[in-house]
Amino acid sequence: MSIHVPIKKLAILGSTGSIGHSTLSICESYPDRYKVVTLAAGTNVDVALEQCIQWCPKIISMATEKCANALLKLLHQADIYDIEVLHGSAGATRVATHPDVNFVVSAIVGVAGLEATYAAICAGKTIGLANKECLVAAGDLIIAAARANRVALLPIDSEHNAIHQAMRGGTPAEVKQIWLTASGGPFRNTPAADFARITPAQALKHPTWTMGQRITIDSATMMNKGFEVIEACRLFDLPPAKVRVTVHPQSTVHSLVEFVDGSILAQISVTDMRLPILYALAYPERPVSDLTFDLKSLNQLDFSPPDFDRFPCLRLAYEAAEAGPSACIALNAADEIAVAAFLEGRIPFLGIPRTIEAVLAKTVAVAPSSIQQVLEADQRARATARQVVAGGAIVS
Ligand SMILES: NC(=O)C1=CN([C@@H]2O[C@H](COP(=O)(O)OP(=O)(O)OC[C@H]3O[C@@H](n4cnc5c(N)ncnc54)[C@H](OP(=O)(O)O)[C@@H]3O)[C@@H](O)[C@H]2O)C=CC1
Ligand SMILES: CC(=O)[C@@H](O)[C@H](O)COP(=O)(O)O
Ligand SMILES: [Mn+2]
């Protein structure tokens, strides 16, 4: 007897990125379960064109009007006239709230994905959440909107996906604390004295994952883990003190939940984002997949405490989590500006935490009560970060 599984109709925000590609690969593997309805991308017009040809979305949105016009021209040259091409945050919001969509994969990088993700929640769509910056900048508002609209926020970020899985082993009241695993990034063993000379090329070499540039640099500074602490506080309703970080270079245990009786449940799987994406898309089912983990490959599992001195971004994130929403908004905004400046060679690696610390010191604590206010606070923090970077006070 075959079991009928209702098809899920997807909007993929960030379809041209690393998570976007992995999501589309799952759609290819499970054509009877997942249908692509709409897409949103940034500036990669060539890949957007390929995706339009393969997936025939009803709407595609690009980051800018220029990119949207370029894509439209290419679509017409390919004799494709039935795809609506939009742009900007309003375009991504139309993509995320299309009436035929019932599941939104949120994988635009940064705060650029916030408005569309929030609108999707308010429109009652189930969310597969990769975009952790949304939760860092607007976690309280997003969680409140998800509760009010009875929307499931299913984490795609590998650690939170692992925690979501392990949480099925007990009740929230039975959780003592959770442990987020961190690879430690490419500089896990680099002496503090060498940090001043770290280059973008070195920082972009993640030891275990292949990801977009921003998150790869964030892993190198361990700000990614800091963001993930805040993300976990929001998703699992835990105080920062109950969200611990352990450095696990193998990236095999994706995270752990420690229960009050002393049991620790860990989730182990391949180092491949297609698995957390499949979990989120299929939840609460577990479809058969070929993403198998070879237990024979498991020779060694190491766990050690993080070094807050060499990785001050992690400390700054814990401090921001305790300080409240304005600090979290500033943390993300300043990081976004500082990472871009580092990649462009305008500040050294150590300039990233220094810029963020300087911006946090200038941030006034005001709790935003709307997404608009979050975006305004984000803009103010970016402007401050640009001043700090341009001021040249950040020397190695
Ligand atoms: N990659 C991974 O394994 C993981 C990623 N995440 C999170 O998922 C998110 C995506 O990461 P990742 O896929 O690695 O990043 P990528 O840089 O590979 O992809 C980012 C995506 O966002 C799009 N984009 C960028 N700016 C805009 C904009 N202004 N408007 C619309 N679209 C835009 C890009 O479009 P284009 O390329 O066309 O410019 C691209 O599709 C991040 O929040 C990251 O932290 C979380 C866990 C793991
Ligand atoms: C795949 C994923 O979820 C990333 O967030 C990854 O965890 C980054 O690795 P780090 O542990 O080095 O930050
Ligand atoms: Mn992660």
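Using N, Cα and C of the backbone, Cβ positions are placed for all residues, glycine too.
Nobody curates TrEMBL annotations by hand; they come from automatic prediction.
Keep in mind that what you see is a predicted model, and the values were worked out from it rather than measured.
Listed by TrEMBL as binding NADPH are THR16, GLY17, SER18, ILE19, GLY42, ASN44, ASN131, GLU133; the candidate from GLY184, GLY185, GLY212, GLY226 that the record includes in that site is GLY212. GLU228 is the residue from GLU84, GLU115, GLU228 that TrEMBL records in the Mn(2+) site together with ASP157, GLU159. Sequence-distant contacts of GLY212 (NADPH binding site), defined by Cβ-Cβ distance under 8 angstroms and a gap of at least six in the same chain, are GLY17, SER18, ILE19, VAL109. Mean pLDDT of the predicted structure over the domain 'DXP reductoisomerase C-terminal' (269-383): 97. The DSSP secondary structure for GLU228 (1-deoxy-D-xylulose 5-phosphate binding site) is helix. Cα of ASN224 (1-deoxy-D-xylulose 5-phosphate binding site) to Cα of ASP157 (Mn(2+) binding site): a span of 11 Å.
Residues LYS132, SER158, GLU159, SER183, HIS206, SER219, ASN224, LYS225, GLU228, recorded as contacting 1-deoxy-D-xylulose 5-phosphate, have a largest CA-CA distance of 19 Å.
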